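> TrEMBL lists Asn13, Gln46, Asn66, Gly76, Asn77, Asn159, Asn192, Glu210, Arg211, Gly220, Thr221 with the feature substrate binding site. Per TrEMBL, the feature active site maps to Cys75. The annotation active site, proton donor is assigned in TrEMBL to Cys75. Annotation source TrEMBL lists active site, proton acceptor at Cys219. Look at TrEMBL and you will find Phe270 tagged as site 'Important for dimerization'.
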Amino acid sequence: MLLHFTKMHGLGNDFMVVDLVTQRARIEAEEIRRLADRRFGIGFDQLLVVEPPRDPDMDFRYRIYNADGSEVENCGNGARCFARFVRDKRLTHKRQIRVETAGGPLVLDVHDDEQVSVDMGAPRFAPPSLPFEADEDRLRHTLEVDGETLEIAVASMGNPHAVIKVDSVDQAPVERLGPLVEHHPRFPKRVNVGFMQVVSSHEIRLRVFERGSGETLACGTGACAAVACGIRQGLLESPVTVHLPGGSLTIRWEGGERPLIMTGPAERVFDGRIPLR
Ligand SMILES: N[C@H](CCC[C@H](N)C(=O)O)C(=O)O
């Protein structure tokens, strides 16, 4: 069977996007790993799948798979590409699109300048995937990693994130610490690992070693989690510009249970077809 797809990216975090509303296919984890390979396959950080909604109040179901084949709860850069894709493919004409994900509902707003804002819901600081106390004075936690004691903050945007404050993202030991923290036993579902440098109260630099994909040029949920932790610790104030290796996002969050809003670009690179095994 030939599977039609579109290659897209959000600040260099790249995706294979597949419409399973007008196509029918089952893409197994092994096939995802093959397709994700940057030499033997198409190459991507995540596979994004568009399906009909299960909840009648939603427009689509948005499913996300990492390059290692694992299905996950959310992908922020992917959400912006999802919005552009469903409109480009005429699956909807709406400018405000409601999608259901494994991590909860998202609302996508496509602006005239083709930037997309995503209501990511409220950050969570002590969900089951992040078993750490999160009362008011527990804003940071220690983690023993490879003989050293790390100070981390944790937040979930549907998917789990650990945030490590560093003096310089350029000097941060992302390649060494990223995998060690991702697979640390304290994280029952593994974890995405953000390295955050505070530039000012409205600006950070960030690198993210992503669960299931490794370091990416940008991570939308990682940017949201870093800003949420920074605001909660009094280091940051909304709005915050997040500079990632692939470009910048704007994150707004007024705290508490109010939703966190992420705004940024979404680009289409090419359309293709690939035989599925
Ligand atoms: N690696 C993430 C999923 C993709 C998140 C990222 N690409 C984004 O833009 O939010 C996880 O395992 O939770």
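Glycine is treated like the rest: Cβ placed from N, Cα and C.
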> In DSSP terms, helix, strand or coil for Arg211 (substrate binding site)?
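Its secondary structure by DSSP: coil.
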> So if I take the recorded positions (Asn66, Asn77, Phe270) and measure from each Cβ to the nearest atom of ligand 1, which come out below 6 Å?
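Asn66, Asn77, in sequence order.
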> In the same chain, which residues outside the set Asn13, Gln46, Asn66, Gly76, Asn77, Asn159, Asn192, Glu210, Arg211, Gly220, Thr221 have their CB within 8 A of the centroid of the CB atoms that define the substrate site?
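Filtered neighbour residues, in order: Asp45, Ile64, Val72, Asn74, Cys75, Gly78, Val208, Ser213, Thr216, Cys219, Gly222.
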> Would you mind reading off the Cα separation of Asn66 (substrate binding site) from Phe270 (site 'Important for dimerization'), to the nearest angstrom?
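Cα of Asn66 (substrate binding site) to Cα of Phe270 (site 'Important for dimerization') measures 20 Å after rounding.
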> When DSSP states are folded down to helix, strand and coil, where does Asn77 (substrate binding site) land?
helix
> Determine, using Cα-Cα distances only, which of these recorded positions is closest to Asn13 (substrate binding site): Cys75, Cys219, Phe270.
Cys219
> Using a 10 Å cut-off on Cβ-Cβ distances across all protein chains shown, tell me which of the binding-site residues (Asn77, Thr221) has the largest neighbour count.
Asn77
> By CA-CA distance, flag whichever of Cys75, Asn77, Arg211, Cys219, Thr221 among the recorded positions is nearest to Phe270 (site 'Important for dimerization').
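Closest by Cα: Asn77.
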> Provide the three-state secondary structure of the residue listed as 'active site, proton acceptor' computed with DSSP.
coil
